[in-house]
């Protein structure tokens, strides 16, 4: 079995890659200016439409995560909740998302990417309705758990679907629109939460799921999933729709089909199989990017930005939080534009440096809190650090992490490995948001120095382990990862 699988991996990598005398890996055609096939020159209208529909799931993601920030006071007052009860309500989203993340890969492999997004949308609708009509803590928690499960699925299937339908030269930009719409959904929810009641805000939360369910009737299924389940005719029809009716899809279709046919001859992969040598490098990259993102302080600063600013000396954290929310959208748009121009690795490296500087500056500010000479500068130093952190995150880490994760996993492990990476992301979110108040009571400066140390480690991680995937087909990327695993 080991020999058979190794032979298959060699067969899969040889047509796509070659190795020079020094052992350096290269691809057969490396000219960025020359398309590998004429299908790239077709119409992008259906790809744009499909991406627009899919990212309603990302918009829903942002709505769900940010719902508790502007509604905390009103919900606690109306339903007479204790701080502990509200904390459970807020954090149970991550528990639901962890479950959703673990099951998302298997569900999407079994029923398809489109149907999986519909299932996630239904869970979100049920959750929003439960929250909106809640008269006590039980229904409130059930609703929050349901929305968490839904966005746990969305966080996997949306970037995977977009990566599988987009042309290789534009895949980074299309896939990073996932992060853009998360930021847009979160910012709009926060702003509307200042003028709408918490029950009215749940009705607003229904809109993205309803739009996604309706839109899915007008977009094709992922061609890679269709060929994986043996629907040959539907595969060709889907790929033709995505590339345009006059596009020549013969090269791309044969490349996808040949690769997947060889991939399907390999044994089915379970979670424990991911830790074997042949997949370990890929899994470390996918899971590592998610964990570094979260343990660098993302959820702590995102969930508690107002409290951090008040701790620094602001009378209210609302102004700073609104500025952060508004800044993330244009910066994320810039990241979308640069994703296919500059590549994933440069954005990740620059962003990791920025998150390090942001958290380090906040740590320094809190270190100087007892020094009277700089006391007046502390609030602005903290605000600057928070802004640097979020600008850096929005400019690369958020977008590029999801893009790379959706690209590097071969189809035979995409379900199991993707589920593991999404679970790691939500576990990190829960762990960081849960421990933040304990850490800040221990040492406000030490907390942010700890986050900055994680960001420093992330710089080394990206520099040493993360490959550049710009302008490569998914088959080329995944063949490279299999080659790297087998020769590491």
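Each residue, glycine too, has its Cβ placed from N, Cα and C.
Range annotated as transmembrane segment by TrEMBL, chosen from 16-36, 79-99: 79-99. Annotated by TrEMBL as transmembrane segment, the relevant range among 200-219, 220-239 is 200-219. Within the same chain, residues 281, 284-285, 288-289, 292-293, 295-297, 300, 344-345, 348-349, 352-353, 355-356, 359-360, 362-363, 366, 385, 404, 439 sit at least 6 positions outside the transmembrane segment (448-466) and bring their C-beta atoms closer than 8 Å to a C-beta of that stretch. Under 8 Å from some Cβ of the transmembrane segment (200-219) lie the Cβ atoms of residues 46, 49-50, 52-54, 56-57, 59-60, 63-64, 67, 70-71, 114, 117-118, 121-122, 124-125, 128-129, 131-132, 147, 150, 185, 189, 192-193, all in the same chain and six or more residues away from its ends. Taking pairs at least six residues apart, the transmembrane segment (79-99) and the transmembrane segment (416-436) share three or more Cβ pairs below 8 Å and count as touching. The recorded stretches the transmembrane segment (45-67) and the transmembrane segment (346-366) do not share 3+ CB pairs below 8 A when only pairs 6 or more apart in sequence are counted, and are therefore not in contact. Counted over residue pairs separated by six or more positions, the transmembrane segment (147-166) shares at least 3 Cβ pairs under 8 angstroms with the transmembrane segment (416-436), which defines the two as touching.
If one looks beyond the transmembrane segment (416-436) by at least 6 residues along the same chain, the residues whose Cβ comes under 8 Å of a Cβ in the stretch are 91, 94-95, 97-98, 100-106, 152, 155-156, 160, 269-271, 273-274, 279, 282-283, 286-287, 289-291, 293-295, 297-300, 303-304, 405-406, 409, 447.
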